[in-house]
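The signal peptide feature in TrEMBL is assigned to 1-18. Residues or ranges marked as domain 'Copper amine oxidase N2-terminal' by TrEMBL: 35-119. Positions annotated as domain 'Copper amine oxidase N3-terminal' by TrEMBL: 136-236. Feature annotation from TrEMBL assigns domain 'Copper amine oxidase catalytic' to 289-513, 597-641. What TrEMBL lists as active site, proton acceptor is Asp361. For Tyr449, the entry in TrEMBL reads active site, schiff-base intermediate with substrate. Feature annotation from TrEMBL assigns 2',4',5'-topaquinone to Tyr449. Residues or ranges marked as region 'Disordered' in TrEMBL: 514-580. Sequence annotations record features per position, and here TrEMBL assigns compositional bias 'Gly residues' to 524-537.
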Amino acid sequence: MWLLWLPWALALPAPAGCSEPADPASIFADLSPAELRAVRTFLMGRPELGLSPSQGGPLAKNSLFLVELLPPPKRRALRFLEHGGARPPREARAVLFFGAQEEPNVTELAVGPLPSPSSYRPLPLRGGRPVPFWARPMTRREYELLHGALVAALAPLEPLLLEATGFGFQNCSERCLTFSDIAPRGLAPGERRTWLVIQRFVEGFFLHPAGLEVLLDHRDPDPRRWSVQRLWYNGRYFGSVRELAQSHARGSLAPARLPEPPARQQLFSTYEPRGRFPSGTRTDVHGAKVCEPQGRRYRLRGNRLEYGGWSLAFRLRSSAGLQLFDLRFAGERVAYELSVQEAIAFYGGHSPAAMQTKYMDAGWAMGASSYELARGVDCPETAAFVDAHHLLDADGPVRFRNALCVFELPTGVPLRRHFDSDFQGGFHFYAGLEGRALVLRTTSTVYNYDYIWDFLLYPNGVLEAKVHATGYIHATFYTPEGRRYGSRVHTHLLGNVHTHLVHYKVDLDVAGEAPRQLPTPAGRGEGAGGGGTPGTGRGHRAQEGTPGTGRGHRAQGGTPGTGGTPRTQGVCPQRGGLISGGSPVPLTPRCVPSVPQDLVAWVTVGFLHVPHAEDIPNTATPGNAVGFFLRPFNFFNEDPSVASRAAVIVRPLDPPVCSRVRIERWTPASPGPCVHPEPFGYNGTYRPV
């Protein structure tokens, strides 16, 4: 059935007496495990959908792939938040695979109202056409079948693989081969064929390619019709498994013999410590730590976060990751939404897998790849941790413990400071304000790469969006021809050159939805000027402005020296139907409104990564971070951080001698002990609930 074209929605009587959480931020909260289960139970019970369990069974079935929150329309949300309107009904977005029909497709449904769903309706897709079944995301079941088909197809190559690598596919227990797949899965519409990079399954297997890449066609829903179409081995192409096997049997093929991998402690791809620093610095003791001597200075209530003048709601959507809503400073809205939309990596290379790799990680559900954060490593010991629950390619919700963290971070540099010299060997005064920021963090481990996603809130009304790239590089087997496309980072390993691009949605509501100036495309100039009414924020008056001076915020590039200048791909009117900028097709809005209206900026930041030997075993975070700042521009009459009591002022009592000073501070003279009493612990599991 083509549910996308049905002009109706199934409706049943909604139960009465449902209670809603009191906090307005809860309209943006992720679905609870109970809500996820309720949506699945409701859809599985609809006979017209004919849904089967996600796990097991054939590919040619109707199944539920994803359930996540469907945020309320902006206008309805603002009527509730600003004008005391009715609370928007809570709905879920469900992605269904309809594979058991003549023309299979992928369909999205809105399901509600929650917590007891009673109806659904099709969600319109861009282009007005459903997503064809061949373009669906991969599932666990398809990977299982893909592995089985690969093992069976490569059976004739077992002698070659054992001779060259000492590892194999057939009946292996410890010395096994595995594979990594790349995307896109084809070069033309209708294709679903994937290049698979064969690797030795040791710790850090991403850095252990065996020299063999296999193109496997798996478009047909019946795995019995899948086939290997082409192979690449050590720089040469082969049209079939048989051709490669015969070349090896005749002795006309020189195997790419790999050395025996050492014990794990000496393996170059492991995190096991090795070597010593020549300075003799001790690394077997604890270094500097973050502490909160008088306790936490922020408030975390459900999905509501408050710090200094900041207040916002947040969620971790399964498809694309962190999403902030209703961002306010001093009670006045700065942005309605700020969210991660997509992370892309384009590769170059000599081998077919490398030259075709163009990852769009929202298609790999990077939001649901939010595995446990380690206390004291991924986040300070003092951080507050939040669990996440996802229903993705599963038959029930899965709990990802400690998937997000919140912590206050000393920046190591004062927010403001000045030494006022008298130019006679003394001074008139010294004043400084401690540098602090609140960090909201999660990670996405999309196979080899780990992205660390941060939103930082500063006490002067500045917000920073930042992402660090770490994890294993996407590497291929070294051949001399490959050096044109990367660096030889180990004996048999080529680090392929690639570009990272990260896409954000910035729905600026400076002083509400009133008209405002446009932000400049590359973060230069004066940003999104205002036109709104003077604010009534607590603690600081908003800028009433001199005539001709617009209130606003501006986007500014962060992390200088890394190529991280943000590029505003487009500034478009807000449309109720445009929820996300991430899709299988890159979004490049091309519209500048001729009249002021509610605007959304699509901001992209990125950097070029030329791998090098120091990317072994992992890419390090220093130098591999990009982001941007949202800075107030004539939004306040003065820097709002003057409300902070963390300032220090020193004035001499006997100038110009300056032998006695008066120290003014509004915090305790001593911070007290800064030791976290709990030992390190880690669970690492993510299990159904």
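The backbone N, Cα and C atoms fix where each Cβ goes, glycine too.
When the stretches 35-119, 136-236, 289-513 are ranked by Cβ pairs under 8 Å to the domain 'Copper amine oxidase catalytic' (597-641), first place goes to 289-513. The 10 Å shell around the Cβ of the residue listed as 'active site, schiff-base intermediate with substrate' contains 23 further Cβ atoms across the protein chains shown. On the 0 to 100 pLDDT scale, the model's mean across the domain 'Copper amine oxidase N2-terminal' (35-119) is 96. DSSP assignment over the domain 'Copper amine oxidase N2-terminal' (35-119) gives 20 helix, 27 strand, 38 coil. Across the range of the domain 'Copper amine oxidase catalytic' (597-641), the DSSP-based residue counts are 5 helix, 22 strand, 18 coil. DSSP states for the domain 'Copper amine oxidase N3-terminal' (136-236), grouped as helix (H, G, I), strand (E, B) and coil, give 31 helix, 32 strand, 38 coil.
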